[in-house]
Amino acid sequence: MKTDDLIRAMAADTGRRSMPMDTAWRLAGVLAFVLAGAVFLVALGPRPDALASLETARFVFKFVVTLALVASAFALVRALARPGGGGGSLLAWLAVPPLLLVVAVALELFAVPASEWMTRLVGVNSQVCLTFIPLIGAAPLGVFLLALRHGAPTRPRLSGAVAGLVAGGLAAAFYAAHCPDDSPLFVATWYSLAIAGLAAVGALAAPLVARW
Amino acid sequence: MNGKNERENERELADLLRAAIAGDERSYALFLDRIAALVRAYARRKISHGGVDPEDVVQEVLLAIHLKRHTWMPEAAVMPWVYAIARFKLIDAFRRRGRRVEIDLDEIAETYAQPEIETVSDRDVGRALDTLAPGQRSVVAAISVEGRSIEETARKFGMKEAAVRVALHRGLAAIARRFGRD
């Protein structure tokens, strides 16, 4: 088949339309939220004093930092799914959640005596955190990898890692409502570790799943 | 080609692609023709020594553009999108042949300025068709090589037009996958 023949075949195929990327990402976002929420409610549910805790800065901060990660990583992964979609300027926003963490940790170290640092860092249920953030985030990661597959990521490994960050941030935001540990020392250690795990899985899976 | 022509070129390509996505076959064929010439010039510049056939890369890029045209944003520039796809597919083609390549993005501007007017090389990639399932192969061959319309093809094989469209689309997707594996 010559290139001209191929062009003729593709022109004849123009009637067949596929879902626009914006629609695909909106759909993926809603689906990921619903799936993460369902797993969270079935497996854990919010802690009894969740509503009352909204008055404490440490509890609220957990949502601020995880949702900041969701927002910045989601914007970036959408750009990465398009060839020439840039992403360079969006990459900088990804620094916001870690910076928030650094500030929060600094404030915590200032507010709490050194003798309590280790206790707060270890917390009461780091194992549960390391189990359930990946568990809640698994389905969202799958959904985001499928959205990447629908797109055309020219940097599949990076795209997969960022998809893992979105899934991890989403899962961590849900998990935060259950988790009794509110110290930034705990969040910076265990939440980060769990989210990094999802990012690693995304980076490994995307080159296979989102091949085009 | 000066800056003004470049802008003009970009505007025309965007118009053609928008019309194509809305379903206009003629605009789409025109668009792909022009893109093929630009990508051919790009591929020939980048492939200075054997191992990879530039026309293979051209076809692979065109197929990728076709199957992923929904990743183009209607308000975005066309050529950066096309070159990002071309660059990705070229690196992929080199990687499949076990080479390491560094592609200098700065050279893109230069490539842009010299679209190749040369006619398409007469190479035959019948092997791409050979890998298709028989039903898909005859449909794709009838439309591409024999230049039949969807309606004529449907009549020829006694198929419904919708079935011809599905076979054509799946055939093209299968050829694109095939490219990625050889």
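Just so you know, glycine gets a Cβ as well, placed from its N, Cα and C.
According to TrEMBL, the transmembrane segment annotation covers A:24-44 (among others).
According to TrEMBL, the feature transmembrane segment maps to A:59-81 (among others). Here the transmembrane segment (A:59-81) has Cβ contacts under 8 Å with residues 21, 25, 29, 53, 87, 90-91, 93-94, 96-97, 100-101, 104, 144, 147-148, 150-153, 155, 158-159, 162-163, 165-166, 168-170, 172-173, 176, 179, 182, 184, 187, 191, 195 of the same chain, all six or more residues outside its ends.
According to TrEMBL, the transmembrane segment annotation covers A:90-112 (among others).
If you look up TrEMBL, you'll see A:124-148 (among others) marked as transmembrane segment.
With a cut-off of 8 Å between Cβ atoms, the residues of this chain six or more beyond the transmembrane segment (A:160-178) that come close are 32-33, 36-37, 40, 44-47, 50, 59, 62-63, 66-70, 73-74, 76-77, 80, 94, 97, 129, 132-138, 140-141, 144-145, 147-148, 153, 187, 191, 194-207, 209-210. Positions annotated as transmembrane segment by TrEMBL: A:160-178 (among others).
Here TrEMBL flags A:190-210 (among others) as transmembrane segment.
Only sequence-distant pairs (6 or more apart) were considered; of these, fewer than three Cβ pairs between the transmembrane segment (A:24-44) and the transmembrane segment (A:190-210) are under 8 A, so the stretches are not in contact.
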